[in-house]
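These notes are about the structure you will find just below.
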Amino acid sequence: MYNLLNGAINTNEKISSTYLKLASYVSICFAGVVIYSTGFGLFYPIEQRGGIYIASIFIVLCKLGSERILKKNQNRFLGLSLLFDIFLLGAAVFATYRFMVVQRVMADDLYDILDIDIVACFLGLLVIVELTRRVWGWTLFTVAICSIVYILWGQDLPGVLRHSGFSFEQLAENLWFNLNKGVFGSITNIVINVVLIFVLFGVLLESTGAGQTLLKYAFRLTQKTRGGPAHAAILASGFFGTMSGSPVANIVGTGTFTIPIIKKRGFSPEFSAGVEA
């Protein structure tokens with residue numbers, strides 16, 4: 001019996017390791033695309049945003065799947081969980097494929113949203129909100145679901161809550177098949193072409209020890225003040241800001257090593273993030 005249990009544990013560890021390796025390989029390709037598009041030129045927006053979306057979904061599914069495999073109380077549901085993850089990945093690929101096809105047509109001609117496009121939109125949104133629930137919990141998931149429900153059926157509400165109404169076609173066109181707003185809109189473009197490169201830069205600073213060097217200088221200058229870690233984080237962010245020139249990039253770049261420092265001093269995660277912001 002002991003040998004059987006030990007063999008099962010080793011098998012789960014191997015599967016978990018495989019998941020992490022797959023996530024790592026895709027992450028390396030992901031980082032390469034981000035660096036290339038920042039330093040040498042942009043990809044065509046349709047393929048770039050669609051590819052980043054699928055890669056992100058794949059990485060998150062592998063990371064969460066690896067953690068789930070190592071949880072003993074969830075082993076009996078591993079088969080169902082794997083099938084559902086495959087469904088989510090397939091849904092993401094299908095929804096992205098329809099996005100690319102429709103955008104190609106829209107670039108040259110008028111296009112009316114079809115039923116299959118509406119299905120693709122809802123599948124793509126389902127993947128996003130489900131992974132949001134897994135990573136961030138039920139609160140943000142509930143807000144997203146309520147927002148979609150309000151868009152579709154808000155015209156039936158009374159008083160000031162009522163709006164003029166939106167069809168399924170309008171929802172799909174604005175949330176999925178649009179390069180200016182929605183999932184693949186301008187915010188996604190900013191994240192891909194501006195923010196992500198500084199996330200990589202921040203991780204590089206942390207991994208090479210450069211981030212600790214910035215913190216040491218900041219701590220040396222603020223060691224005699226009250227709230228030293230918070231002041232040091234602000235000063236370190238200022239040092240990083242002289243290189244990035246972007247407030248958003250500053251937060252995501254230095255937050256990887258300044259927020260943990262503040263948390264280690266006993267401050268709450270919310271306060272630590274607020275100081276960094």
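Positions of Cβ are set from backbone N, Cα and C atoms, glycine also.
Since this is a predicted model, take the numbers as computed values, not measurements.
As given in TrEMBL:
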DOMAIN    123-277  domain 'TRAP C4-dicarboxylate transport system permease DctM subunit'
TRANSMEM  22-44  transmembrane segment
TRANSMEM  50-66  transmembrane segment
TRANSMEM  78-98  transmembrane segment
TRANSMEM  110-128  transmembrane segment
TRANSMEM  135-153  transmembrane segment
TRANSMEM  183-205  transmembrane segment
Could you pull out which residues elsewhere in the chain have a CB under 8 Å from any CB of the transmembrane segment (50-66), counting only those six or more residues past its ends?
-> 16-17, 19-20, 22-23, 26-27, 29-30, 33, 43, 81-82, 85, 88-89, 92-93, 96, 99-100, 124, 127, 131, 134-135, 183-184, 188, 192
Contact set of the transmembrane segment (78-98) with the rest of its chain, CB cutoff 8 A exclusive, min separation 6+ beyond the ends, reads 50, 53-54, 57-58, 61, 65, 68-69, 116-117, 120-121, 123-124, 126-127, 130-131, 176
PLDDT averaged over the residues of the domain 'TRAP C4-dicarboxylate transport system permease DctM subunit' (123-277) | 81
